[in-house]
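According to Swiss-Prot, the features are:
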| type | residues | note |
| --- | --- | --- |
| BINDING | D9, H11, H43 | divalent metal cation binding site |
| BINDING | 9-11, 35-36, 57-59, 62-66, 133-136, F140, R143 | 4-CDP-2-C-methyl-D-erythritol 2-phosphate binding site |
| SITE | H35 | site 'Transition state stabilizer' |
| SITE | T134 | site 'Transition state stabilizer' |
Amino acid sequence: MIRIGHGFDVHAFGQDRPLMICGVAVPYHTGFIAHSDGDVALHALSDALIGAAALGDIGKLFPDTDMQYKNADSRKLLIEAYRQVQATGYVVGNVDVTIIAQAPKMRPYIDQMRQVIADDLNCDISCVNVKATTTEKLGFTGRGEGIACEAVALLIKPALCSSYRNI
């Protein structure tokens, strides 16, 4: 059996902290305004995984009203979300993350981002794709006010998929 989940997140720039994207500190003059570390990519990916497993959403698992998640490392949130997904009997088939940002440029960090996600999801890097695009200077991302991210996750229940082979 397979399941597909979609996640979306957005954060505005404006806080004096590192800019974390896919668990990587991307050099930039500002960080995100957020309750946690604001990693839009890992939040979108966590939401995609949680949604695919029908476990609700990231706000249900990690509410921003709970002080234990204040300045939380989003890698830890992703790992915990995936632990809960695995408890349902599913594993990652593949994930695809799209970062939507006018700046900073993501290209130099994409391989590192893929590796971080593969490590956190305990899967082969070939199961992880990260890409970046702009909105051609349109909207809030185009004006450089923040970053948006979408993610899709395919989950597989290995016991029910005889053709599945964890690479």
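Every residue gets a Cβ built from N, Cα and C, even glycine.
Feature annotations (Swiss-Prot) mapped to structure.
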{"residue": "D9", "record": "divalent metal cation binding site", "contacts (Cβ under 8 Å, 6+ apart)": "V40, A41, H43, A44, D47, I58, A148, C149"}
{"residue": "H11", "record": "divalent metal cation binding site", "contacts (Cβ under 8 Å, 6+ apart)": "F32, I33, A34, G38, V40, G146, I147"}
{"residue": "H35", "record": "4-CDP-2-C-methyl-D-erythritol 2-phosphate binding site", "contacts (Cβ under 8 Å, 6+ apart)": "D64, Y69, K70, N71, A72"}
{"residue": "P63", "record": "4-CDP-2-C-methyl-D-erythritol 2-phosphate binding site", "contacts (Cβ under 8 Å, 6+ apart)": "Y69"}
{"residue": "D66", "record": "4-CDP-2-C-methyl-D-erythritol 2-phosphate binding site", "contacts (Cβ under 8 Å, 6+ apart)": "none"}
{"residue": "T134", "record": "site 'Transition state stabilizer'", "contacts (Cβ under 8 Å, 6+ apart)": "I100, A101, Q102, T141, G142"}
{"residue": "T135", "record": "4-CDP-2-C-methyl-D-erythritol 2-phosphate binding site", "contacts (Cβ under 8 Å, 6+ apart)": "I100, Q102, T141, G142"}
{"residue": "R143", "record": "4-CDP-2-C-methyl-D-erythritol 2-phosphate binding site", "contacts (Cβ under 8 Å, 6+ apart)": "Q102, K137"}
For I58 (4-CDP-2-C-methyl-D-erythritol 2-phosphate binding site): DSSP state (helix, strand, coil): helix
Neighbour count (Cβ, 10 Å) for I58 (4-CDP-2-C-methyl-D-erythritol 2-phosphate binding site): 26
Coarse DSSP state, helix versus strand versus coil, of H11 (divalent metal cation binding site): strand
Number of other Cβ atoms within 10 Å of the Cβ of H43 (divalent metal cation binding site) across all protein chains: 27
